[in-house]
Amino acid sequence: RCSGRVEIFHGHQWGTVCDHSWDLRDAAAVCRQLDCGWALAAPGGAPFGQGNGTIWLERVSCVGTEELLAWCPAGPWGATSCTHAEDAGVVCSGQGQLLPGEVAAGHIRIGAEHLQGGNAAVPQAEELRLAGGSQRCAGRVEVLHREQWGAVCAHGWDRQDAEVVCRQLGCG
């Protein structure tokens, strides 16, 4: 089952989401973004273990129809009174193919390590392409920004980043 602690990538660093006001509507956005079915539970109190580092968000207030967690209103980034004992979790209906800590389409992961998303302007599949390669799933990574395609800088790029792109584009 797709379930785990919710974490997001913001400011080049991973952090958790606080359980203050965390509910099924918030979990639903995570489950939809992960393509993991519908939300069965939105447990608080670090049920999947406490994260570490920054607690990026609290008071997430999804309506319940959002496709991405980034579309949900929330308190200011990093401005929280929470501790990691209050890390939010999700339990989704999908059996999923995710392992703990594995990246899913849309830059989200759940489980032992992270969920990535938030307002970090992460490109979605329709804004991402591979160019100049010998086949559909090979080439230079480009993103569409302000109606113009541009290459992604390789500084700090690693295998994990490449795996996210491959999943977003349906390339395995």
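Placement of Cβ uses the backbone N, Cα and C atoms for every residue, glycine included.
A TrEMBL annotation is a machine prediction, not a hand-curated record.
Each of CYS18, CYS31, CYS137, CYS153 is a candidate, yet TrEMBL gives the disulfide link of CYS92 to CYS31. For CYS62, the disulfide partner named by TrEMBL from the candidate list CYS72, CYS82 is CYS72.
Checking the candidates CYS18, CYS137, CYS153 against TrEMBL, the cysteine paired with CYS82 through a disulfide bond is CYS18. Cβ crowding, taken as the number of other Cβ atoms within 10 Å, peaks at CYS18 among the disulfide-bonded residues CYS18, CYS72. Around the Cβ of CYS92 (disulfide bond), 25 further Cβ atoms fall within 10 Å across all displayed protein chains. Summed and averaged per residue, pLDDT over the domain 'SRCR' (1-93) gives 88.
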